[in-house]
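Now, the feature entries from TrEMBL:
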- B:13-344: domain 'PTS EIIC type-2' (DOMAIN)
- B:404-495: domain 'PTS EIIB type-2' (DOMAIN)
- B:20-40: transmembrane segment (TRANSMEM)
- B:52-74: transmembrane segment (TRANSMEM)
- B:80-109: transmembrane segment (TRANSMEM)
- B:130-151: transmembrane segment (TRANSMEM)
- B:157-182: transmembrane segment (TRANSMEM)
- B:270-293: transmembrane segment (TRANSMEM)
- B:313-335: transmembrane segment (TRANSMEM)
Amino acid sequence: MAKPVLSKENIKLNVAIPNKNEAIRYTGDILVQGGYVDAGYIEKMYEREQMATTYMGNYLAIPHGTEDAKQNVLETGISVVTVPNGVDFGDGNIAKILIGIAGKGDEHLGILSNIAIVCSEEENIDKILNATSEEEIMELFSEVQ
Amino acid sequence: MAEATTRAKIQRFGSYLSGMIMPNIGAFIAWGLITALFIPDGWFPNEKLATLVGPMITYLLPLLIGFTGGRLVYDFRGGVLGAIATMGVIVGAEIPMFLGAMIMGPLAGFAMKLVDGGFQHRIRPGFEMLYNNFSAGILGAFLAGISVYFVGPLVNALTNALASGVEVIVSMGLLPLASIIIEPAKILFLNNAINHGILSPLGVEQAASAGKSVLFLLESNPGPGLGILLAFSVFGKGISKSSAPGAAIIQFLGGIHEIYFPYVLMRPMLLLAVIAGGISGVFTFTLFNAGLVATPSPGSIFALMALTPPGNYPGVILGVVIAAAVSFAIASVVLKTSKAEEEEDLTAAANRMQEMKGKKSDATGYLTPQPAAGVIGDTSEKNLASDNTQAVQSAPVRSAHEIKKVVFACDAGMGSSAMGASLLRNKFKKAQIDIPVSNTAINQIPEDADVVVTHKDLTDRAKAKLPQAEHISVENFMNSPEYDKLAQRLKDQGE
């Protein structure tokens, strides 16, 4: 039985996170808890971050593993964490929305594409950060198609 | 400045011609091999296989050239139109229409481009396919039809003019000057009327009384063509260099002169070389009073030798050798002087899967020196700049139509690249640019990607993986100015 890529349980709102490493661990943990990845995946997420930042711009960061981490992925899934106070992702980049990604196949690309389009508009960033329920987020990310 | 522009135009034109011919050299060689081996006068006559010869040179080669020419102007769609229109030229004329293909191919592509420019944006969603197919079909039918009517009379008129020119020259006894007409006529496939219509009958008359005639040597001398091919073997580059020796064998030993025509067509200055080679050859023949007993067909050195009457060997051989030497010398100068720019093209082009693409981007390359794979942040500016400094007509054949595939790459191909790709796709969609954008891991960047977009930290890896693509480096994936720049560039040039 394939899990939904994004479910309510994968979304955490208004979290305070002190630094980048914690941010990665936090988003990774959600994926581990949800049974999407094994614990080794988080190491690979750190590794990936070393290689090049996953900070995308527009307060958005998308921590995920390296290419060879695909063996640690059990199911494709994403986690969403909002951090209104921001986390420093280095180089003066402050991330307020964290999208943890575990991709095995291509099932997550549709929703990721929506996230990208939604987050490319600055006013949507505010909407996401002001969201009060997980459903709101689910709705925001699924509405464009 | 004006001079530089003219020069650039001429160079562009030259590389344009070679862009139509070079990708198809393989077909020429295939045809040359089949012809040299299997025609009745060939090395292993084979009636069945020889039936390939006519259709290949009449249809296959001109259609390929027409397609390629159309494609240079307006991508695949232009290519299809080019091929359709070329068919009209083929049917309308009785000789292999290389020149016709080289004119109609790009013209048809351009016509399609104009029509699309006028209509495409008015097509309602859902009707694109219908429009695309029928507009191409209607325009193609129209162009092919017109060609049938116009080309035949045109070719006939040209042939007659040339033939009467040769007749005058021969009757005045200025034989060497006949090469001025014969050599270019050969390249345009207009030689048969001259050879069989004028030279052969006159030659047969002379041979009947004198036992030989020099007229049989005028057109069949393989020397000038050999000189061209040898010059390419030594001073050419890329495909033209590597294919020239084989072509020389087919031409000189096999007697299939047509094989060197494309080499001349792609560098028209080489006409000087074949003309001068022809003149010196004929001059030598007359000096030694050499002749042949009949028309050598095909014009192979073996056929020439077989038809040389006793005592005429020194004159015939010397005439061939001198013609080859003179043609070689002039061709070498031509190739060397224009080498720095265009020759580079062909090498680069050979390295790429898609010939035309390579040629064109290098055509840009030599005008604006840049590393093989520049970061687009600055090269795009340069490209645009060079567009402006070049002829206006240069814009249609470039960039927008070269770019058929944009790939976003990141380490794993699961995150950033997917997001970047969807953003860019979205931008393209809004700008009505119909170019696919995909995302992938750097290690799996497809060979045929034209533009590769990566995060600035990963661009070096991407370049190492696919050096020939254009690389765009972005910092902010979510909102990079590069996206709009690229979209704008494609839109401007795609219109």
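Cβ atoms are placed via backbone N, Cα and C, with glycine included.
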Need one number: mean pLDDT over the domain 'PTS EIIC type-2' (B:13-344). 85
How many of the residues that make up the domain 'PTS EIIB type-2' (B:404-495) does DSSP mark as helix, as strand and as coil? 39 helix, 20 strand, 33 coil
Outside the transmembrane segment (B:20-40), six or more residues from its ends: residues with CB under 8 Å to it: 46-47, 49-50, 52-53, 56-57, 60-61, 64-65, 68-69, 72, 101-102, 105-106, 239-240, 243, 246-247, 250-251, 253-256, 258-259, 262-263, 265-266, 298, 300, 346, 349, 355-356, 359
Can you tell me which recorded stretch out of B:52-74, B:130-151, B:157-182, B:270-293 has the most Cβ pairs within less than 8 Å of the transmembrane segment (B:313-335)? B:270-293
Six or more residues out from either end of the transmembrane segment (B:52-74), which same-chain residues have a Cβ under 8 Å from its Cβ atoms? 16, 19-21, 23-24, 27-28, 30-31, 34-35, 38-39, 80-83, 85-87, 89-90, 96-98, 100-102, 104-106, 108-110, 112-113, 116, 258, 356, 360, 396-397, 401
Whether the transmembrane segment (B:157-182) meets the transmembrane segment (B:270-293): three or more C-beta pairs under 8 angstroms: yes
